[in-house]
Amino acid sequence: MNIISDKEILEVRTSQVFRFSVYFIDTSCIISMAVTVLAIFQLHSKQVFNPSTTRLLITDLVFINIHNLSYIFLQNWSLFRSFFYQTANDIMFKSEECWPHHVTNEFTKVVTVFNQFALIINRISVTIDSKRFSHANYGFLLAILSLIASTVFTAQQHFLGPIHGMRTTSCFRESDVVLDLKTEHIIPYLAICLTSIVCSLLLIIYVKKTQKTKTYDIESEYTKKEAVVSSISVAILGIIQLVLFCFYDTFLTIFAKLTAENPNVHDTNIIGWFYTSPLNAIISPTAVFLYISWIKKNRQMHIRKMTKVNKSENGCHFQQLSVMWNK
């Protein structure tokens with residue numbers, strides 16, 4: 001472990017690179033909260049998705065913002081100390097005081113990842129049997145299961161408790177000294193994210209294939225089209241979120257290995273700019289807005305198309321009957 005001088009610690013926390021990064025995430029938080037409230041209102045009022053999917057999407061947006069608020073709290077706590085404390089000893093955090101906040105931050109992040117699993121399961125279930133698995137209670141059950149799974153996963157990652165005697169300049173990571181950056185907690189996130197992305201892509205391929213089978217019942221055809229469009233929308237939204245999570249975790253893992261032999265304490269401020277939670281908190285609800293608009297347009301287009309095709313097919317059918325009867 002490297003010994004970091006008090007002068008270097010003060011430089012890291014009082015750096016304008018660090019302070020401007022906190023100002024940036026504070027501003028982005030205001031935007032993300034406003035967009036999220038509007039997105040949740042749209043999900044409630046427009047009824048674009050079925051009740052079970054809607055409930056899971058709202059849970060997803062809520063926990064993305066809770067995680068973002070947890071991260072912003074930790075960074076602002078560090079910013080506060082950088083302004084009002086004058087010594088490195090006062091600016092530094094004890095592992096014991098950081099641990100509950102760090103675990104809370106990790107838990108809320110894990111919830112958003114496991115919630116993507118729940119959404120994938122939901123869309124597969126709805127595609128198989130839309131009437132049985134579209135109820136709000138099914139979405140509520142999946143949300144509860146994702147919370148339980150997240151609790152177990154987080155407990156397994158942090159059951160050893162705080163690292164006694166360790167002091168860091170931020171409560172965000174257990175060790176923010178680049179040389180001591182631990183990646184064993186990052187690998188499981190990458191595995192979960194990549195698995196979810198693969199499942200989402202397979203779901204898109206599956207629903208695209210089911211789209212090719214046709215029926216002559218307008219209501220059945222409409223229900224099937226609705227399920228296909230909704231499944232693709234939710235899968236793409238999940239992929240966007242998971243890619244954002246994967247980007248930071250992948251970047252952090254690679255960065256830790258590249259700088260292991262020649263670390264620089266100022267690198268921790270650079271890493272902070274690449275944390276994608278604030279960006280995710282804006283992009284996810286914005287994507288919901290875009291997909292609601294897209295689904296509504298597709299719904300109207302498919303209804304017109306199916307009605308037109310159905311009338312044409314019925315016309316041909318009756319014309320053939322007329323020819324047969326007149327023979």
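Heads up, the Cβ atoms here are built off N, Cα and C, so glycines get one too.
Bear in mind that the values here come from a model prediction, so they are computed numbers and not experimental data.
The annotation transmembrane segment is assigned in Swiss-Prot to 20-40, 56-76, 133-153, 186-206, 227-247, 270-290 on the grounds of sequence analysis.
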Remote residues contacting the transmembrane segment (20-40) - C-beta distance under 8 A, at least 6 residues beyond either end: 58, 61-62, 64-65, 68-69, 71-72, 75-76, 78-79, 269, 272-273, 278-279, 281-282, 285-286, 288-289
Close approaches to the transmembrane segment (270-290) from elsewhere in its chain (Cβ under 8 angstroms; 6 or more beyond its ends): 17-18, 21, 24-25, 28-29, 31-32, 35-36, 38-40, 42-43, 57, 60-61, 64-65, 67-68, 71-72, 75, 109, 172, 178, 236-237, 240-241, 244-245, 247-248, 251-252, 255
